[in-house]
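Report on the structure given below.
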Amino acid sequence: MSDSEVKDVPVAPVEEVEAPVEAPVEAALEPSVEAPVEAPVESTVEAGEPAPERTRKHIESDDDDEEVQAPVEEQVTIDSSEDPKSQRQILEDRLDRLLKKTSGRRQRADEHDLEQYLDEKILRLKDEMNIAAQMDIETLNKRIEEGENKSQDKKPLVAIQKVKLLPKVMSILSKANLADTILDNNLLQSVRIWLEPLPDGSLPSFEIQKSLFAALDDLPIKTEHLKESGLGRVVIFYTKSKRVEPQLARLAEKLIAEWTRPIIGASDNYRDKRIMQLEFDSEKLKRKSALDSAKRKKNKVSKPSSSASKGSSAQTLYEQAAARRNRAAAPAQTTTDYKYAPVSNITSVPTNARTVGVGSSLNNNELYKKLSSRLAKPGKRS
């Protein structure tokens, strides 16, 4: 082989290798859409094979891609034309409306469940109170039936079921948020049963009385609650019984006054209170006091012994001892209840008077004259 033939042999494959190498390099540098279209066309043209269907296929795919991308671009341009703040506000408003609807439903459901739970709790406590009261009554009845025939070996029967349950009852009655639930479920009926006298005529323990009356004072009890529970009759009994402690009797009277005020239409405001008034006549009082003193003198002259005995009986032991020693006695404290109030005469005072100090009624002219006369004196200026 000659040198020219040797040179020609490797050249042909080099050209064939370079052609497919250049195409992918150009395809990699060019855009992704044009690269797959141009590379196959060059290869088919070089090979001499017809490729109309292949080129059409790529063209059709490009058209489809443009058609698909067109509405997306339009949608993006429509959204971008709006203010992003307004879009964010619209989304936030929608979310708020959805959250409010769900939260309102949940809140109503939670409130309903809570009310149902509280009602069941109060009703269970009511049953426990009634059972405890019934057990104490049965215990007292057994003790009455046994009487003196019981043996010394047996332990005495003590009714302590209500005392055991009292802390739980007070923990419920002392909660202000349960006041409406307590009144609606008629728990006052069980309170009435606890405050009623026992079969042997005795009253409940002092701790039960004091705790329940304090709880009743805090509850907003109305007339319909009293009618439904019958509590008013028991409280009236506590106001009239002599076995009740004075402080509890006063508290019972206070409760009765508060409960009966709306029934009789009375107001708790002092300004609305009706006060009977009576005009005071000083001359009439003087005449009456003179007549009384004359009668006393006449009685002393006619019946000295009887008057002395009456005077001694009217006096206290301290006053009698002071009279025997010829000494003065300190006046004793007395409680006076007035029925009539004096008629006010403040309206008779002239309205144009200006008070300067206590008891003075100098008008502006007199005050000015007095000040000017003081300033006119030479000794007062210094």
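For all residues, glycine too, the Cβ spot is worked out from N, Cα and C.
These features come from Swiss-Prot:
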REGION    1-87  region 'Disordered'
COMPBIAS  9-47  compositional bias 'Low complexity'
COMPBIAS  51-60  compositional bias 'Basic and acidic residues'
DOMAIN    189-266  domain 'TFIIS N-terminal'
REGION    289-360  region 'Disordered'
COMPBIAS  302-314  compositional bias 'Low complexity'
COMPBIAS  344-360  compositional bias 'Polar residues'
The domain 'TFIIS N-terminal' (189-266), counted residue by residue under DSSP: helix, strand, coil: 56 helix, 0 strand, 22 coil
Integer average pLDDT (0 to 100) for the domain 'TFIIS N-terminal' (189-266): 91
